[in-house]
Amino acid sequence: MRKETFVENRIKSVGFALRGALLLIRTEASIKIQVALAVLVTIAGFYYQISNTEWILQVLAISLVVGIEGANTAIEKICDFIHPDFDERIGFIKDVSAGAVMLVSIGAIIVGLIIYLPKVF
Ligand SMILES: Nc1ncnc2c1ncn2[C@@H]1O[C@H](COP(=O)(O)OP(=O)(O)OP(=O)(O)O)[C@@H](O)[C@H]1O
């Protein structure tokens, strides 16, 4: 069988990653909320004509929250797969992972407030 080229291999990996992103959006309630908020602030960005720097910060904040939420979901799934029964150590891992999402979400909310509060009021 012919060995796949580097480019073919990379294209395949992008396909897997896209499938993962779609699965995440289709199956995880928290991601659905985050994506809905991302769409809302993107519309707000056009409406209030935010600056290039504000766009960069907004896009970074959105991708950080959604990206860390994806990693959190993967960690939860691994935990449920390797240890479905109650275990304090699994609880600790899941709590720390959820804490990471909360920290970046607080950062994203602060970025949003700094950008939009002066424009709205
Ligand atoms: N196997 C377990 N052992 C100990 N504690 C657990 C276990 N599973 C869940 N927990 C506790 O329950 C909390 C919620 O876990 P769960 O897997 O339901 O995550 P979730 O945040 O509700 O998931 P989602 O992001 O899908 O809504 C964990 O943070 C942890 O404190």
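Every residue, even glycine, has its Cβ placed from backbone N, Cα and C.
Feature annotation from TrEMBL assigns active site, proton acceptor to Glu69. Sequence annotations record features per position, and here TrEMBL assigns ATP binding site to Glu28, Glu76, Lys94, Asp95. Residues annotated as divalent metal cation binding site in TrEMBL: Glu28, Glu76. Here TrEMBL flags Glu69 as substrate binding site. Residues annotated as transmembrane segment in TrEMBL: 29-49, 55-75, 96-117.
Features recorded in TrEMBL, as mapped to the structure shown.
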residue : record                       : CB count, 10 Å
Glu28   : ATP binding site             : 17
Glu69   : active site, proton acceptor : 23
Glu76   : ATP binding site             : 16
Lys94   : ATP binding site             : 15
Asp95   : ATP binding site             : 10
Given the recorded positions Glu69, Glu76, Lys94, Asp95, return the subset with CB under 6 A from an atom of ligand 1, ordered by sequence, or none if empty. Glu76, Lys94, Asp95
Per the Cβ filter (under 8 Å) with a sequence gap of at least 6 from its ends, the transmembrane segment (29-49) is approached by 55, 58, 62, 65-66, 69-70, 73, 101, 112, 116, 119-120
Outside the transmembrane segment (55-75), six or more residues from its ends: residues with CB under 8 Å to it: 20-21, 24, 28, 30-31, 34-35, 38, 41-42, 45, 93-94, 97-98, 100-101, 104-105, 107-108, 111-112, 115
Beyond the flanks of the transmembrane segment (96-117) by 6 or more, those residues with Cβ under 8 Å of it: 30, 41, 44, 48, 50, 54, 57-58, 61-62, 64-65, 68-69, 71-72, 75-76
Hey, how far is Glu76 (ATP binding site) from Glu69 (active site, proton acceptor), Cα to Cα, in Å? 10
Look up Glu28 (ATP binding site) in the DSSP assignment and reduce it to helix, strand or coil. coil
Per DSSP (three-state), Lys94 (ATP binding site) is helix
Write down the Cα-Cα distance for Asp95 (ATP binding site) and the residue listed as 'active site, proton acceptor', rounded and given in Å. 13
Grab the ATP binding residues from the record (Glu28, Glu76, Lys94, Asp95) and give me their largest CA-CA distance in Å. 17
